[in-house]
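Only one structure is covered here, and it is reproduced in the block below.
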Amino acid sequence: MEAKNFTVWDYVVFSALFVISCGIGVFFAVKERKKATSREFLVGGRQMSFGPVALSLTASFMSAVTVLGTPSEVYRFGASFLIFFISYTFVIIFTSELFLPVFYRSGITSTYEYLQLRFNKVVRYAATVIYIVQTILYTGVVVYAPALALNQVTGFDLWGSVFATGIVCTFYCTLGGLKAVVWTDAFQMVVMIMGFLSVLIQGSALNGGLQNVLEQATNGSRLHIIDFDVDPLRRHTFWTITVGGTFTWLGIYGVNQSTIQRCISCKTEKHAKLALYFNLLGLWTILACAVFSGLIMYSYFKDCDPWTSGIISAPDQLMPYFVMEIFDTMPGLPGLFVACAFSGTLSTVAASINALATVTFEDFVKSCFPHLSDKLSTWISKGLCLLFGIMCTSMAVAASLLGGVVQASLSIHGMCGGPMLGLFMLGLVFPFVNWKGALGGLVIGITLSFWVAIGAFVYPAPDSKTWPLPLSTEQCPNVTTAAPPKLSSRPDIADSWYSLSYLYFSAVGCLGCIAAGVIISFITGPQRGKDVDPLLIRPVCNLFCFWSKKYKTLCWCGVQHDRGTEQDNLENAWKQGNESVLQNGLQQEGLAHVAGSDSKDKSQNNMALEKITYF
């Protein structure tokens, strides 16, 4: 394919994104220069409001993978992606009601501090290392995707684009910390919406209006959304998306440091929950825009598919090619779309870099050097941002080998995020699980998820399970038909276990971790309930045993929830949050020492503060 070049106005629009993003970083670096503490740099002093945090969450997880990959998926496989509306809803409810209260009220900065409070340091460090590996891998995909778009649209050097992205992102993240990340994400979210709207409006107009687009999509079987086939080997069905998608995205949202870090930066728990629920509206909006962009793209290319005809070399190039086609005579708008794609990647990479720096500083640096000065802590945090910016950018080189960006990114999250989700579920929901069960479950969960994911990469599922929809090349000039690939010999397991839908990778890792953790804990001796602080356990059994205190007590496994008024206080604490007490404790310097910010053993002092707060 011959790349079409940007005009001057395209460069102006596109460059404005980088200039404004860098400007926000410089602004917060100057504004916050007198607040030189690691807490201010990493969690914004815990004084953020829900609005910008909600926009930041949406921009970070609706990345360039969504901007480029989802329309391509809809174009090739149909609009079943709309079912993710259900998955996102479940994920936000579980995150805000199950995970967030525990993390927010404990006063932690790294989510993995919880694992030390609940189990021990070994489990905490193991989880932190896995998170770092997962995030660097995922960020590599996110950096590579918009660089590919820029390369196909303008002819820019692919790897020059990768490094330009990494440099800008690392610059404003290192300078301004979390506040710069959040406010830049909010700006980039607006750019993403504008980019999608420009495509939707112009694409619909060229295809005779939205009604005509929907009619042609129906004729092409793109609107066959609901498929209740329970076969787990089918790539996209109602069950794989609702069940598998919920597990996958819960691993991303519920226990992911990048999400929780921004939630705990909110001034109160109520603001944190509002941020999540308003973020859900943003997720729905971006998903709808991406799906309709895919349908419009199909309507435009229905008689000449640029992929199968050889005009482009990969499905992920469909969207940028489409944009250059429909905006061929409208200077500036191609630049707006590429800015839209880059907005997704900048927000995601910046959030990831900030989260990586946070967990490394909190889980490793502070553990080894507990008496660092505020100034030195801030400089170390900035140095970590710079280091991880370089690492994430470098990982983009490997991302070119992973295939489609949507499946690659969700597979990475499934391989690592599923077992991590299972680990936190063991801590929150199963009071009898001990540290041996938690560590053993994590290892087994990781093993299972990597086994199925790597097997699926080596032996891709047959077309009978992925169900690609027909694409026409009848009106394409000079069609180049690729020779069919030679099928290598496949083991029997390739058509069963390795053909499992990629959306189930997370469920496999999570359920494997939970099952193994429970079994190992019973074999090695269950955790004594009286040794577990009740504030580290989420009493979800109350929802199912509300009619009987006897069954509640049985499900609590000896955790001291059942001591008269203390039980009532605990249940009220779960419902009401006591945000004001915790907020005051965080704001007052006199309580900072009690909360463990300067002590050798932060976990014990945090627990002391929690007991004061709730009892």
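Along the chain as shown, the residues are counted starting at 1.
Each Cβ is built from the backbone N, Cα and C atoms, and glycine gets one as well.
All TrEMBL annotations are machine predictions without curation.
Taken from TrEMBL as is:
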type     : residues : note
TRANSMEM : 12-30    : transmembrane segment
TRANSMEM : 81-104   : transmembrane segment
TRANSMEM : 125-146  : transmembrane segment
TRANSMEM : 158-178  : transmembrane segment
TRANSMEM : 190-210  : transmembrane segment
TRANSMEM : 237-255  : transmembrane segment
TRANSMEM : 276-301  : transmembrane segment
TRANSMEM : 336-357  : transmembrane segment
TRANSMEM : 384-406  : transmembrane segment
TRANSMEM : 412-432  : transmembrane segment
TRANSMEM : 439-459  : transmembrane segment
TRANSMEM : 502-523  : transmembrane segment
Would you confirm whether the transmembrane segment (190-210) and the transmembrane segment (336-357) meet the contact rule of 3 or more C-beta pairs below 8 angstroms, pairs 6 or more apart in sequence?
yes
Are there residues at least six beyond either end of the transmembrane segment (412-432) with Cβ under 8 Å to its Cβ atoms? List them, or say none.
98-99, 102, 111, 114-115, 118-119, 123, 127, 130-131, 133-134, 137-138, 141, 247-248, 250-252, 254-256, 438, 441-442, 445-446, 448-450, 453, 502-514, 517-518, 521-522, 526-527, 529, 532, 536-538, 540, 556-559
Among the recorded stretches 125-146, 237-255, 336-357, 439-459, 502-523, which has the greatest number of Cβ pairs closer than 8 Å to the transmembrane segment (81-104)?
237-255
Quick test of the contact rule: Cβ under 8 Å, at least six residues beyond the ends. What residues does that give for the transmembrane segment (336-357)?
10, 13-14, 16-18, 21, 42, 56, 59-68, 132, 135-136, 138-139, 142-143, 145-146, 149-150, 153-154, 165-166, 168-170, 172-173, 177-178, 180-181, 184-185, 188-189, 191-192, 194-196, 198-199, 256-258, 261-262, 320, 323, 327, 381, 384-385, 388-389, 392
Where else in the chain does the transmembrane segment (276-301) make close Cβ contacts, counting only residues six or more beyond its ends and a cut-off under 8 Å?
50-51, 53-55, 57-59, 61-62, 66-67, 70-75, 79, 81-82, 84-85, 88-89, 92, 95-96, 100, 189, 192-193, 196-197, 199-200, 203-204, 206-207, 212-214, 216-217, 220, 222-223, 253, 263, 318-319, 322, 325-326
